[in-house]
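Asks: Got these off TrEMBL a minute ago, pasting:
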ACT_SITE  Glu132  active site, proton donor
ACT_SITE  Asp284  active site
ACT_SITE  Glu383  active site, proton donor
ACT_SITE  Glu415  active site
BINDING   Thr506  Ca(2+) binding site
SIGNAL    1-19  signal peptide
Amino acid sequence: MLYALPCIVWALLLPSLSALRFDEHAAFTPAHLRELKAQTKLLFQHSWDSYMAFGFPADEVRPISCEPYGPDYVDQLNMRNDALANVLLTVIDNLDLLFVMEEWGELRKVLKYLHENQATLFEQDTIVQVFEALIRWLGGLLLAHLLLTDVPWPDRPEYAEVRQICEEYDGFLLILAYDLGIRLIPAYQTETNLPFPRVNLAKGLEAVPSKMNDETCTSGVTTPYVEFSLLSKLTGDSQFEQLTSLSFWKIWHSRSGLGLLSMTINPVKSEWIDSITGVGALVDSFYEYAVKGSIIFGDDSLWLIFTKAYMALLSHLAQSNGIHDPTLFGNVNTGSGELVSTWIDSLGAFWAGVQVLAGRLTDAILSHLIYMKMWDYFDAVPERWSFLSASSKYDPLEERIDNAINLEWYPLRPEFIESTYYLFRATKDPMYLQIGLRILSVFESRFMTNCGLAGYQNVKTGELQNRMETFVMGELLKYLYLLFDEADEVFLHQPFMSRKNWVFSTEAHPLWYTSQYGSKSAQHFRDTLHKLQKHDKASKVSPYKRSFIKTLWLKLASADRRMVDKLVEPPSDRNATEVNWERLGVKAFQPALSSFDQCEVRPRQLKTHEHSFMQSGYYTWKSLFQPEAKFQNTLVRPPHLQRHSKLSPNHYIELTPAFYHTYTAFAPKSKGDKLYLQCARAPTTKETDCVFGDPAKPETHEMYIVKLTEKSSKMSPNDVVMPWLSGRFKLEVLRLGELDSTNTLITKDYIRKARPDTWVSRKSEVLRIIRANGVNVGRYRTVWTSRKALLNTDMFKISKDGRIYVQGSYIENFRVY
Ligand code: DMJ
């Protein structure tokens, strides 16, 4: 490693890096992928070496000016102090990356430094955010501890050094993690059981001005649960788990009537501050940790939370035309479910990864696409992008760009490459490698600076930011490297790790837990702590810490595990009793909520992929270019990127010539073939939203999916049965001459067939249910409701054969039984 390497030398090396580059030729042979991994590793080495040469032991290195960067000691209220506290952040957040990159020499060096400085590392008079400290520092320490104590490193030459390091390791990282935990846990000293967002590491809660602690966010309240529970389980000190699970459940029970959680809350009054929700900033990792927590701890109640929350998101947030169309999850009012903004944020790109983990592959592909389009146009994901804007396509480019990009920075956030990695592991579609290839080449050509990697200060102008947050290496480069590890060479992908049930934390630290290891660890920890306290009372448990523990335990004596148990929902009884299935000729059915218990393994639009050689499923997806049509005013390429057209002559990832030619090589190309390579025209039909009955939480009124029917039954497999008609419906309005979401032209015949009772005029229309309470319906499925459910309202008219008219309009796929 070249710590003292002057910037000039790096500048000289840059051209040779790009010379190494494959010319965007999409072979993705084992040799090619190995080369891409090597190139990604060079980016890591450049960043890490720069940090060690110019940043260490500060928290970060500034990638343009090559200076160390840490907390602001003058202005304590500076938000940058949320994550920076002079605690060797780059090192702690990247310990596991050193394992991934097999940088054993570096690992040994930084472990030695941490060992020597452990007594004072967190004794910092700075105000930090519990959330950031949790995910970056505590997660980093816990994971490194697990890697050093709970991995059966094979007896192979490449692991000889790490086996040695493990043997020498005395468990000090867990002591450090505990020290940190004890400093952070005062945040939970509230009457409401919701934590304060910030603490002072050295002086506790009292040293934090109240205005810095009067607002916290849903992610801040729920996310600590996973890392803190792990800390409890590994140390045997249950306070961390008890307090954080209590807050998790408390906030879950504060969800709105629609089952939605707002973004920010006052922890003292336990009152929501806003009534907006989305899947991005401030609320993102609540969903993420409901799924991941359920995996790490095998907790079914967390999984149930996720399924309910997910149904609510599908009902109220999901915006798409047809059931196979790109979907974006907008921001809505938690009370009414109405859309309240026309932007989505960069953090929301993680969502597709969680959808993959939750087994919803088709949904994941549909929500990932819009972020790929952002890369197509901006070579980045702007912090906030507007899908709708006031501009028209005739307005000047600058004006369109101004209206399209609401927050203009891109600090090299990892979320898009993170979900790309998940999607590739789940589908093996080469399009995801192509995305990785483009990102790698943009990083090499645009974001690589003298001392690391610098993202955009302004996506619109191309101005760079003199900051490299720790997630750039710790998440982005890690996911990129693992994406190219198709051969499963990295230890995380190897069989000796597959029994661990590990899952990446929100900060990309792979975490896992087994009770067997937990009890062994807790016993060992107690013994070590006991010895330490005996020998070094003063430095290990300061008076403030001891007194806090005492008060907290008094509180816990009354607020014990039973308080959490009361809030935990039992897995609901999902059996149907009120539908006479036999009379309806239905032999098998499934409650909609329990459909989440099965993983989807072959996403629909990629179905053909399994039969085809050298073909990306994307080229069979008819809606691939729908976003261009739909968002033509806000997907616009800024001038500075147009000037760089030499670097990326064709900015569409999915149309990179080499890739397109390779991965459509065996696709049918003539018109008569079933999979003729052609995209559908964007639908011209309009959509409308309506609420029938009481728009309650998704679990309030169970709905069912028909699985198997008698021949005589009017129902068909996949039909939706709603014994109570209640909730939000998305309808497509089909008018004469329009093109619908299935690419069908609405002709007189179509309307006449649907409504034989009516004279077809230019104004005739037919409605179609696209989605009912988040469940996809569309043209080929019918929603059935009981006649009883429609009796008490004038809104509906039922024809003799069970068709339903809503205020005079006919819904083609809606029937009563
Ligand atoms: C990271 O610190 C984590 O991924 C977190 O969950 C969200 N934000 C950043 C990266 O964007």
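Keep in mind that glycine also has a Cβ here, set from the backbone N, Cα and C atoms.
TrEMBL annotations: computationally assigned, not manually curated.
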Asks: Give me the CA-CA distance between the residue listed as 'Ca(2+) binding site' and Asp284 (active site), in Å, as a whole number.
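Replies: So the alpha carbons of the residue listed as 'Ca(2+) binding site' and Asp284 (active site) sit roughly 10 Å from each other.
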Asks: Going by a 10 angstroms cut-off between Cβ atoms, which of the active-site residues Glu132, Glu415 has the sparsest surroundings?
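Replies: Looking at the active-site residues Glu132, Glu415, the Cβ with the fewest others within 10 Å is that of Glu132.
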Asks: Using CB under 6 Å from any atom of ligand 1, narrow the recorded positions Glu132, Glu383, Thr506 to the ones that qualify.
Replies: Thr506
Asks: Taking the Cβ of Thr506 (Ca(2+) binding site) as the centre, how many other Cβ atoms fall within a 10 Å radius?
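Replies: Around Thr506 (Ca(2+) binding site), other Cβ atoms within 10 Å: 25.
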Asks: Given the active-site residues Glu132, Asp284, Glu415, which one's Cα is the least distant from that of Glu383 (active site, proton donor)?
Replies: Glu415
Asks: Would you please pick out, from the active-site residues Asp284, Glu383, the one with the fewest other Cβ atoms within 10 Å of its Cβ?
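Replies: Taking Asp284, Glu383 as the active-site residues, the minimal 10 Å Cβ count falls on Glu383.
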Asks: Report, in whole Å, the straight Cα-to-Cα distance of Glu415 (active site) from Glu132 (active site, proton donor).
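Replies: For Glu132 (active site, proton donor) versus Glu415 (active site), the Cα atoms are 16 Å apart.
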Asks: Rounded to a whole number, how many Å is the Cα of Glu415 (active site) away from the Cα of Asp284 (active site)?
Replies: 11
Asks: If you run the three-state DSSP split on Asp284 (active site), which class comes out?
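Replies: SS state of Asp284 (active site) = helix.
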Asks: Quick check: in three-state DSSP terms, what is the residue listed as 'Ca(2+) binding site'?
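Replies: Coil, per DSSP.
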